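A.B. asks: My structure is below; once you've seen it, I'll send some questions.
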Amino acid sequence: MYGRDPWGGPLEIHATDSATDDDRSRNLNDLDRAALSRPLDETQQSWLLGPTEQKKKKYVDLGCIIVSRKIFVWTVGTIVAAALLAGFITLIVKTVPRNHHKNPPPDNYTLALHKALKFFNAQKSGKLPRHNNVSWRGNSGLQDGKGDASFYKDLVGGYYDAGDTIKFNFPMAYAMTMLSWSVIEYSAKYEAAGELVHVKELIKWGTDYFLKTFNSTADSINDMVSQVGSGNTDDGNTDPNDHYCWMRPEDMDYKRPVTTCNGACSDLAAETAAALASASIVFKDNREYSKKLVHGAKTVYQFARSKRGRYSAGAAESAKFYNSSMYWDEFIWGGTWMYYATGNVSYLELITKPTMAKHAGAFWGGPFYGVFSWDNKLAGAQLLLSRLRLFLSPGYPYEEILSTFHNQTNIVMCSYLPYFNKFNRTRGGLIELNHGDPQPLQYAANAAFLATLYSDYLDAADTPGWNCGPNFYSNNVLREFARTQIDYILGKNPRNMSYLVGFGTNYPKHVHHRGASIPKNKVKYNCKGGWKWRDSKKPNPNTIEGAMVAGPDKRDGFRDVRMNYNYTEPTLAGNAGLVAALVALSSGEEEASRTIDKNTIFSAVPPLFPTPPPPPAPWRP
């Protein structure tokens with residue numbers, strides 16, 4: 001029997017082998033040495049050693065690319081580690097309680113601004129919009145001016161002046177101008193407070209009405225409306241009217257006469273022009289409406305100039321309530337707004353004539369010099385023209401008079417400071433711009449607005465302050481003055497009473513106001529039927545939020561009595577000045593809202609360059 005020798009040769013196996021075990025063992029040893037004396041092939045090595053250890057490859061074949069194994073391992077490891085870390089962070093973020101970033105609470109001036117604007121909603125006449133947001137007010141005066149067959153078709157709309165239901169166009173126009181001025185300067189602050197849309201709607205409610213008070217589509221006019229309603233109670237007059245009767249505006253059933261100005265009414269016409277012109281800048285993005293406002297402003301300002309005289313002269317009823325002292329200040333005031341709205345240099349030439357300033361009293365310091373109000377616009381006009389000098393500097397031939405106006409503005413600001421004793425102050429710190437007469441708050445609010453605005457002008461012009469004679473005062477002094485006056489109105493006074501209804505907890509509860517004093521209970525009280533509410537000692541059933549009342553006396557005293565209108569009656573003009581002061585002092589969250597808008601007011605003004613000299617004659621040898 002033959003078998004294959006695994007060591008490379010034939011092996012013969014006998015069934016009966018006579019060799020001894022020792023011989024076999026010796027023979028095998030000989031074979032082992034022979035076999036080991038030559039190298040083994042791979043198969044033989046595998047039999048003896050088993051599977052060999054393969055070397056790790058240094059590269060990884062990814063199909064489209066070959067990558068170093070080390071780089072591949074590090075890359076995959078990094079990705080896995082990053083994924084684990086991201087998941088861990090996400091888990092923490094989702095499980096840990098979040099602290100949401102909260103905007104700082106509004107300051108007191110912003111809170112008061114919301115309320116002060118709401119007063120205008122309560123004073124609206126006409127068909128009210130759904131969003132008017134004064135639950136106890138409704139449609140009223142829907143027959144105003146209808147059927148009179150004159151130069152107007154209807155006089156529905158506008159605002160009631162105060163606690164009565166008369167529409168006095170002179171102070172109403174001033175109020176709209178003030179609102180527009182504040183929007184032009186501080187639109188970013190209104191936006192930050194969420195009131196920009198609201199205040200623009202209030203302005204439009206007024207300007208829509210004013211466009212009805214004269215033929216605003218004509219190029220020239222001869223008359224305009226000065227008043228709707230009547231309040232004459234002299235000599236025991238008992239005819240039903242807006243003063244004798246104590247009724248809700250919604251219940252008026254007596255005749256409301258329309259007073260027109262058919263001759264000279266320069267002050268009213270120029271103030272109406274100021275209202276329309278300033279509003280045209282507010283609505284400059286609404287081109288059609290802005291153009292309509294500008295055209296109306298041109299027409300009515302021309303009327304103001306063509307027939308000179310005071311609208312309240314003679315026997316006019318308005319003289320008892322809103323008597324105008326002169327019209328020259330309205331010429332400058334209205335002309336300045338006309339220049340800003342149109343860019344027409346003829347207006348600038350007119351208002352910078354020295355004779356105009358002289359007639360307006362710009363060069364003398366009477367007892368009411370610097371008192372800005374519905375009657376005296378000089379201080380506001382001078383500030384507007386100082387703005388022109390600060391930011392555009394038109395130069396010759398305007399520089400001389402503009403520098404005079406600027407200097408007079410500095411003097412007015414100095415007069416507001418307590419160091420110079422130009423005006424007295426109550427012990428509580430309220431400046432007595434009307435020299436102790438009743439209803440002081442509206443004048444203090446106006447002064448606070450002018451002071452804050454001038455301070456902002458100087459800041460925007462990189463000017464740290466101004467001089468009062470040899471003394472230099474920083475802009476912060478003006479802001480501090482403004483704050484003291486507005487803080488007094490808001491409750492920082494000896495009585496700790498807020499004179500802004502609805503602000504704080506201690507405010508007047510017996511406001512002299514017909515609509516607020518009569519409940520909305522589906523009962524129509526006639527002319528005398530409402531007297532019981534007028535004479536009641538109970539608080540008003542309706543809170544007229546945002547109404548700034550007339551204010552305290554010169555001893556800081558105040559009587560919360562409904563029939564004492566010198567303490568408790570609010571007015572449209574007074575609230576307009578307060579709104580302007582509040583928005584000027586308010587603090588917007590965005591940095592852009594903390595400064596004035598330098599450029600918008602000049603949108604229509606062309607670049608002012610000095611007239612170049614004529615070219616020299618051709619040279620000849």
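Residue numbers in this text run from 1 along the chain shown.
In case you wondered, yes, glycine gets a Cβ from its N, Cα and C as well.
Just so you know, TrEMBL annotations never went through curation; they're auto-generated.
Straight out of TrEMBL:
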| type | residues | note |
| --- | --- | --- |
| REGION | 1-26 | region 'Disordered' |
| TRANSMEM | 71-93 | transmembrane segment |
| DOMAIN | 109-582 | domain 'Glycoside hydrolase family 9' |
| ACT_SITE | H512 | active site |
| ACT_SITE | D560 | active site |
| ACT_SITE | E569 | active site |
A.B. asks: I need the CA-to-CA distance for H512 (active site) versus E569 (active site), whole Å please.
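C.D. replies: E569 (active site) has its Cα 5 Å from the Cα of H512 (active site).
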A.B. asks: Most Cβ neighbours within 10 Å: which of the active-site residues D560, E569 is it?
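C.D. replies: The most densely surrounded of these active-site residues is E569.
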A.B. asks: Do you know offhand how many angstrom separate E569 (active site) and D560 (active site) by C-alpha?
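C.D. replies: Computed Cα spacing between E569 (active site) and D560 (active site) is 10 Å.
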